[in-house]
Each structure stands twice: as C-alpha cells, then as structure tokens.
Amino acid sequence: MAWRNLGRNRMRTGLAALGIVIGVVAIASLGMAGVAIQQQATSDLGSLTNQVSVSAGQDSVEDGVTEDQVEEMENLVTDAQVVPQKTNDTEIETRSGRAYVSVTAVTNADALYDVSSGEAPARLETGALISNSTAQELGLELGDPVQYDGQIYRVRGFIASESGFGGGGRGELVIPMSGLRDQQYYDSVTIIAEDGDAATAISDQLVSHFNSDGRESEEELQIMTYAGVQENVDSFMNTLQLALLGIGSISLIVASVAILNVMLMSTIERRGEIGVLRAVGIRRGEVLRMILTEAAFLGVVGGFVGAVASLAVGAVLFSVLTGDATGVLGWASAQYLLYGFAFAVVTSVLSGIYPAWKAANDRPVEALRG
C-alpha cells in the first residue's frame, strides 16, 4: 500500500528519490575519494618511514652539510647507514637526444635505489643509474653512454621509482660522488634505520647533538623523519575526510526537504482518504506507521540506487588515484556506502515524521470534509 501511494505522483516521487541518490553519491564518493588519496599518500611514504633526511638548517653558516658533520653522524649513528648526497639539476646528452634531469651523486647506490633491470652497486664508482621514465624517453638500454658535464657514463641500471620527497616528476641520473667533486658541500644526507621507531630515535639524537648541544646556531641542521611526515599526512587526511563528508551531507539534507514536501503534499491530497480510514476504525498509530513506511521506502530505494552509483564512481576514483579499482571493495572505502545508505533512510524517516503526525492527528470529520 505504501509503495502504491508513492506511485500516485511519480514525477514528484522520482525527483525526491533523485535528490536522495545525489546526496548518497556525494557522501559516499567524497568519503571514498579521501580514502583513495590517503592510501596513495601512504603508499608513496610507506617504504621511507625508516629514513631520516638531513640538510643544512636555516641558522647554518654553511651552504650545505659538511664532511665533518657527516663524520659526526657516522660516529653517532652506529646502527644505521649514513648516505650523503650531492645534487644538481641540469641537462644530459645521449646519442638520441637531450633531457633535463635531477643529478644525484652518491656512493651507496643500493641503499637508496631499487632498479627494475641492471644493478645498483653497493659502491657506485663507475657508470650511472637512470630513471625508467628518462630511459624510455631517450630510448636508452643497459650499457648505453650518457654524457654529463663532459664526462661519459655507461648506464648500469634503470631506477624503478624516484626516491625521497618530491621529485616533481623529473627524471633522475645517479652518478658516482666523483662526478660532483667540485661541489664542496653535501646537499642532503639520508640515514636508513631498521624501522620507523629507530628512525625517530636517531632523529631525536641528531637534534640533541647538532641543534641543542650548546652551539651558537639554533638550527644548524634541518632533520626530518618520514615517519613524522606520515603521521602528519594521516592527520590531515582524517580532517579532509570529515570536511568532505560534511559537504556531502549538505546535499542529503537538501534532499530531505524535498522528501518533506513530497510527504506533506501526499497527505494533503489524500486527506479525505485518510479521514475514511480513521472513520472505519483505523487507529492513529497505523496511519502514522503507513506514512513513515512510505518515507522509509523512498529512503531505501534512493539509498540503494545511490550506493550502487557510488560504487561505480568509487571504482573509477580508485583506478585513477591508486591504479587498483578493487580497492573500493575494502572496508575503509566500502563503509561510506553504508554510511550514505543509512543516512538516506534515517533522513527520509525524519522528514516523514511531521507529515505523518499531521495526518494521524487530523480529526476524521474535518478530514472527510476535505
């Protein structure tokens, strides 16, 4: 009976249901987008949480990290690997063309880089590593020559992905430390610990030694842990998800106004019918239940269609942001489908309370008069 009553004015009912669908899609899709972004950020940082990044601080009198400071780090940190690096952005030349890359000089190449083919030697003294993207752009193969600063390097391996913060999508060329011997200072030092907790402990130890050990400079070295960045990312993403859910909820609240209008107009149009039902003995509670059931049906149908549509939208979002559309089926994202559906049903029922109360409390005699 409730379903038949909703079908009396299909256009009005359909528009109200469409509002619910849009609200559910807004809530679920925005929530799943937040999850996808968080998973992508976590994936990017996940393998780096055991690393500490050190560079010259804002109060340093030097233009980088000195050799003496690197030696101090090696003496302080005996249970982790200290990898100093020099960097430069420039253009390289090959037989097939030129490319603008970030050049990194390092000795312990295997500590920082994973290669998709070739090798990343423990001590890089000859040859070079180059990022996959640049190798594909220039058509390079293992053993091909690459010229930088007048020096020829043979490609020994292709880097699977750029390391560290940022990168900006630019390719990378990794050469022996001798290739940037003219640079007096190291641009950064990466310390690789056993795990995230060990990295945090090392960071605290370095801060205490270099920045708080009675020295003149307040921040001689800038020391960052990827584990700390991960915590900041998680905190930011949680806040972002709440904000996105709030935005989506507004759409569903607007839809609830449409439901209120549909149910109110429906009870007004059926006032005489409801009066007859009351006159033949139907109690107020049954009338109340009938109207609320209609509102609940509207919420269930709109919520279900919205959840299905949100699942499709979520699959596209995960495919674009993480490369894995099946991630939408995980609980972290699927829970927003349930939230959207539940919110739709609850909002619909709440919107039907006033029309149901008004219809149930209308006097039968007055209702029969219309």
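Cβ atoms are placed via backbone N, Cα and C, with glycine included.
The average per-residue pLDDT of the prediction over the domain 'MacB-like periplasmic core' (13-207) is 87, rounded to a whole number. If you look up TrEMBL, you'll see 13-207 marked as domain 'MacB-like periplasmic core'.
The transmembrane segment annotation in TrEMBL covers 242-266 (among others). Within the chain carrying the transmembrane segment (242-266), a Cβ under 8 angstroms from the stretch's Cβ atoms is held by residues 5-6, 8-9, 12-13, 15-16, 19-20, 22-24, 26-31, 33-34, 291, 294-295, 298-299, 302, 336, 339-340, 343-344, 347-348, 350-352, 354-356, 358, all 6 or more beyond its ends.
The domain 'ABC3 transporter permease C-terminal' feature in TrEMBL is assigned to 247-361.
What TrEMBL records for 287-316 (among others) is transmembrane segment.
Feature annotation from TrEMBL assigns transmembrane segment to 336-357 (among others). Counting same-chain residues at least six beyond the ends of the transmembrane segment (336-357), those with a Cβ under 8 angstroms from any Cβ of the stretch are 20, 23-25, 27-28, 31-32, 35, 245, 248-249, 252-253, 255-257, 259-260, 263-264, 266-267, 287-288, 290-292, 294-296, 298-300, 302-304, 306-307, 310-311, 314.
Residues of the domain 'ABC3 transporter permease C-terminal' (247-361) grouped by DSSP class, helix first, strand second and coil last, total 105 helix, 0 strand, 10 coil.
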